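Participant: Below: one structure in structure tokens.
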Amino acid sequence: MSNKDIRVVVGMSGGVDSSVTAHVLKEQGYDVIGIFMKNWDDTDENGVCTATEDYNDVIEVCNQIGIPYYAVNFEKEYWDKVFTYFLDEYKKGRTPNPDVMCNKEIKFKAFLDHAMNLGADYVATGHYARIHRHEDGHVEMLRGVDNNKDQTYFLNQLSQQQLSKVMFPIGDIEKSEVRRIAEEQGLVTAKKKDSTGICFIGEKNFKTFLSQYLPAQPGDMITLDGKKMGKHSGLMYYTIGQRHGLGIGGDGDPWFVVGKNLKDNVLYVEQGFHHDALYSDYLIASDYSFVNPEDNDLDQGFECTAKFRYRQKDTKVFVKRENDHALRVTFAEPVRAITPGQAVVFYQGDVCLGGATIDDVFKNEGQLNYVV
């Protein structure tokens, strides 16, 4: 089968990465369709809907490339699967990662299903990751060539079935090369700045946004031995290891968030970047997913490396099944500021094995009060 007989539906955001993704596939001779996903009603404070601006860029790019385009609305699916999860996690005092859930439930489920209904053989996105297809048909996901842009951390929940239908055309090149291609082709998005922050918040103030959905409950900010250091403006606004926004003055080292007590609405703080309370030995994680589950013996356990947040250096770990629903991830050396609600993502070299959601954090066999 030649490329012209293979239909690839590209998820287009109106950014440079997805624009170049569509261009590269078109150049390679595939039957390419562009689809713009509207996942959130994101009218800004000035009454301007940024999604409309992005869709106009998609239209212009698709016309430049010479491919058909459509818009599809996933606002209900996004609210049900991503945003309610986001709010529920904050209610529990955790720090969620909505991008992981968006990839799992929207971009590579709702969008993938929609594309298959359009007769697609594959979907493609502008993620910085790579797919390795083996002769027997199974696939592996590898880090993107550009280390600064690698996005496998956010793709850790994707299954073998999902990834077998996915292409990441720009995963083999650097971001600077993506920009160069866009400029060379005269694409309207060539100089458009990258989107930052959580997809549905955009450039809005995080505190202001969150307070629209969850009422803030101010409370005491104390040290672990009970010394009152001030007031917090609501536990949901703070994450483990956070330094800024505490409002604690005085001499000496800066102060950091080391824990939360939901029952008493207390924020725990301690002084010093390397304070002992910020370090842990192992964690328990649930909702785990592996691209190739049969390759990992969870009963015996296995060694690999892991990331506990995006753009963090890999840490050597030992992964073993804790029970039917959870994994125990033991660190080769203590790790700072592990945060419940965030993803722990596993690697063997460049291969992303999968990931899980961090639940509880331990040191010396005792659970830390990161979130209690």
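In case you wondered, yes, glycine gets a Cβ from its N, Cα and C as well.
Residues or ranges marked as active site, nucleophile in Swiss-Prot (evidence: sequence analysis): Cys102. Look at Swiss-Prot and you will find Cys199 tagged as active site, cysteine persulfide intermediate, backed by sequence analysis. Summarising the annotation, Swiss-Prot assigns ATP binding site to Gly11, Met12, Ser13, Gly14, Gly15, Val16, Asp17, Ser18, Met37, Gly126 and lists sequence analysis as the type of evidence. Residues annotated as disulfide bond in Swiss-Prot, with sequence analysis given as evidence: Cys102-Cys199. Residues or ranges marked as site 'Interaction with tRNA' in Swiss-Prot (evidence: sequence analysis): His127, Gln342.
How buried are the listed features, and what sits near them?
Facilitator: In this structure, Cys102 (active site, nucleophile) is part of a helix by DSSP. For Cys102 (active site, nucleophile), other Cβ atoms within 10 Å of its Cβ number 26.
The secondary structure of Met37 (ATP binding site), as reduced to three states from DSSP, is extended strand.
Counting only residues at least six positions away in the same chain, the Cβ atoms of Asp17, Gly144, Gln151, Phe154, Leu155, Phe168, Ile170, Gly171 sit under 8 Å from the Cβ of His127 (site 'Interaction with tRNA').
The Cβ of Gln342 (site 'Interaction with tRNA') has Thr95, Pro96, Asn97, Phe308, Arg309, Thr357, Ile358 as same-chain neighbours under 8 Å, each 6 or more residues away in sequence.
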Participant: Let me spell it out: for each of the binding-site residues (Gly11, Gly15), count the other Cβ atoms within 10 Å of that residue's Cβ, using every protein chain shown. Which one has the most?
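Facilitator: Result of the Cβ crowding comparison: Gly11.
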Participant: Tally every other Cβ atom lying within 10 Å of the Cβ atom of Ser13 (ATP binding site).
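Facilitator: The answer is 22 other Cβ atoms.
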Participant: Which value in Å gives the longest Cα to Cα span across the ATP site residues Gly11, Met12, Ser13, Gly14, Gly15, Val16, Asp17, Ser18, Met37, Gly126 as recorded?
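Facilitator: Maximum Cα-Cα distance: 16 Å.
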Participant: Pop the Cα-Cα gap between Met37 (ATP binding site) and Cys102 (active site, nucleophile) into the table, whole Å please.
Facilitator: 12
